[in-house]
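Peer 1: Mind having a look at this structure? Questions to follow.
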Amino acid sequence: MPRAPFSLLALVLGLAFLAWAFSLAGTVGAPSGTVNYTTFLEDLKAGRVKEVVVRAGDTRIQGVLEDGSAFTTYAASPPDNATLEGWMARGVSVRVEPPQGQNALGFLWPLLLVGLLIGALYYFSRNGRAGPSDSAFSFTKSRARVLTEAPKVTFKDVAGAEEAKEELKEIVEFLKNPSRFHEMGARIPKGVLLVGPPGVGKTHLARAVAGEARVPFITASGSDFVEMFVGVGAARVRDLFETAKRHAPCIVFIDEIDAVGRKRGSGVGGGNDEREQTLNQLLVEMDGFEKDTAIVVMAATNRPDILDPALLRPGRFDRQIAIDAPDVKGREQILRIHARGKPLAEDVDLALLAKRTPGFVGADLENLLNEAALLAAREGRRKITMKDLEEAADRVMMGPAKKSLVLSPRDRRITAYHEAGHALAAHFLEHADGVHKVTIVPRGRALGFMMPRREDMLHWSRKRLLDQIAVALAGRAAEEIVFDDVTTGAENDFRQATELARRMITEWGMHPEFGPVAYAVREDTYLGGYDVRQYSEETAKRIDEAVRRLIEEQYQRVKALLLEKREVLERVAETLLERETLTAEEFQRVVEGLPLEAPEEAREEREPPRVVPKVKPGGALGGA
């Protein structure tokens, strides 16, 4: 059956070719002996032409010479009566034939060809609906995936978003028993917009709603609607909602709705581009739901600031549910969910791992456990150990360890003092985070890093931010103190310090010279954000100077601290050169001057030192 459209197309092309061939069948083929018009006139004057045949209105002249040979020539214009009489005066037999009537197929074959093609397209559109790949107009059909069976995911499989689940339980009750709400005259929200940074589980939560309510789940992406063909997006929106009505009660989920729901008038093409037509159709369809239609539209975005206001008004996306990165309790619950089916060793402490992964979202935690499982399988172990999880966390944050990279003794020494500087500043500064781990094992683009012991915190004080800047600058300060020289390793440290200092001045009102004034508006908070400048060039110069002074003050402060703790700095750096990695407990013992236990495993022998391309030292908080 799938080959039928191709057979029909071959038939159409064959008929078109026959029509063209028949159109030429009635015409006289060009005979042999074609001569130019000058030769014909010379033969005419010489009396060698016996007979000519002309057709009225035709420039072609056919004839026979005295020797019996046939010829054909072409004049610039059809011969007139005077010309023909002149030829007859020379004794030439002239026969004039009426204009040749084109056969019907020859005259109508272009129209016939067009008609056949239109008929074929109509056939495709009518009979190819069984499968989108067989239909000539399948690009107007929605690309949504319809899961007629309820997803197996339920609220039990979602963690770290308890408030969002509470908000959505009402939607679940409506989908389970819509008549109860209709009898009370209640109008359930037509649309629910899930807002949050990437990876927090917006799509997972939408599937859980469908699974909890046991209704079909229809999912599409915002980019599925917009195409280069005008009107395709609107047609796909109509088809999507027609599909939803056939499967009601159901959930329609549109992921990354900002691809189609961007504010109108802000893109290329003004009010006439394809994306805006698609958005208009989406608005119309959401308005077109009858009161008793049990269809709930859910959408997800991490850019709510660019959505069209008409999309967010009551009656469309009535509710916006913000889903943020989980706290320590939520992270532990997420880890336990993703740890199902994975053999964990007895030393695994998921609560401790949750404390050590602030800022991780659900996707990060799932990836962490998967990396740990891969590491355990690679090493031939039958269970995942805490060491595997720690290594996986480092891989997720900083990249895989470059065990084959052998540094020169000078580079290792610089890296050790650089990271020791970060660690001592984080340890001794009152409002800093403390040290979770410090290492000089290269990872990603870093030759080493200091991982701070951060906690979930929503409010950052001015003193804490100043200490953060000082910790970021401590690596460069240690280099200057020990080597009386500086390297390029603090590039990323400077970026972090400068960004914090600038935001303290322009956004958070933490500088006495500028006061509680917002000089910049930060947009797009879920994707890292960018600043919209709202001040003059003169103010910009003052801000730049204030940023420089603030950073210089913190640099001198942390440099003085490291000079005071020079002996401890040497001790930590030398221990790093010996052991490469220090945990929080080991670092504390080194700072206090206590001996360390021997490593559990013998260190693998390294290759002889060799010169390698310079890679910038730094850390999770510090260098690049």
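In case you wondered, yes, glycine gets a Cβ from its N, Cα and C as well.
Below are the features I grabbed from Swiss-Prot:
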TOPO_DOM  1-7  topological domain 'Cytoplasmic'
TRANSMEM  8-28  transmembrane segment
TOPO_DOM  29-103  topological domain 'Periplasmic'
TRANSMEM  104-124  transmembrane segment
TOPO_DOM  125-624  topological domain 'Cytoplasmic'
BINDING   Ala159, Gly199, Val200, Gly201, Lys202, Thr203, His204  ATP binding site
BINDING   His418, His422, Asp493  Zn(2+) binding site
ACT_SITE  Glu419  active site
REGION    595-624  region 'Disordered'
COMPBIAS  600-609  compositional bias 'Basic and acidic residues'
Peer 1: Compare the Cα of His204 (ATP binding site) against each of the recorded positions His418, Glu419, His422, Asp493 and report the nearest.
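Peer 2: If we rank His418, Glu419, His422, Asp493 by Cα distance to His204 (ATP binding site), first place goes to Asp493.
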Peer 1: Consider the recorded positions His418, Glu419, His422, Asp493 and say which one has the Cα lying nearest the Cα of Val200 (ATP binding site).
Peer 2: Asp493
Peer 1: I need the least crowded one of these binding-site residues (Ala159, Val200), counting other C-beta atoms within 10 angstroms of each C-beta.
Peer 2: Ala159
Peer 1: Considering only the binding-site residues Ala159, Gly199, Gly201, Lys202, Thr203, which residue has the minimal Cα-Cα separation from His422 (Zn(2+) binding site)?
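Peer 2: Answer for the nearest of the binding-site residues: Gly199.
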Peer 1: Output the one of Glu419, Asp493 that, of all these recorded positions, has the highest number of other Cβ atoms within 10 Å of its Cβ.
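Peer 2: Going through Glu419, Asp493 one by one, the largest Cβ count within 10 Å is at Glu419.
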Peer 1: Under 8 Å between C-beta atoms and at least six apart in sequence, can you list the same-chain neighbours of Thr203 (ATP binding site), or say none if there are none?
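Peer 2: Spatial neighbours, sequence-distant, of Thr203 (ATP binding site): Thr219, Phe253, Asp255, Ala300.
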Peer 1: Between Lys202 (ATP binding site) and Asp493 (Zn(2+) binding site), how far is it from one CA atom to the other, in Å?
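Peer 2: Approximately 33 Å lies between the Cα of Lys202 (ATP binding site) and that of Asp493 (Zn(2+) binding site).
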Peer 1: Please tell me which one of the recorded positions listed here (His418, Glu419, Asp493) sits closest to Gly201 (ATP binding site), measuring Cα to Cα?
Peer 2: Asp493
Peer 1: Roughly how many angstrom lie between the C-alpha atoms of Gly199 (ATP binding site) and His418 (Zn(2+) binding site)?
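Peer 2: With distance taken Cα to Cα, His418 (Zn(2+) binding site) is 33 Å from Gly199 (ATP binding site).
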Peer 1: Could you state the CA-to-CA distance between Asp493 (Zn(2+) binding site) and Glu419 (active site) to the nearest Å?
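Peer 2: So the alpha carbons of Asp493 (Zn(2+) binding site) and Glu419 (active site) sit roughly 11 Å from each other.
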Peer 1: Measure from the CA atom of Ala159 (ATP binding site) to the CA atom of Glu419 (active site) and give the result in Å, rounded to a whole number.
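Peer 2: With distance taken Cα to Cα, Ala159 (ATP binding site) is 36 Å from Glu419 (active site).
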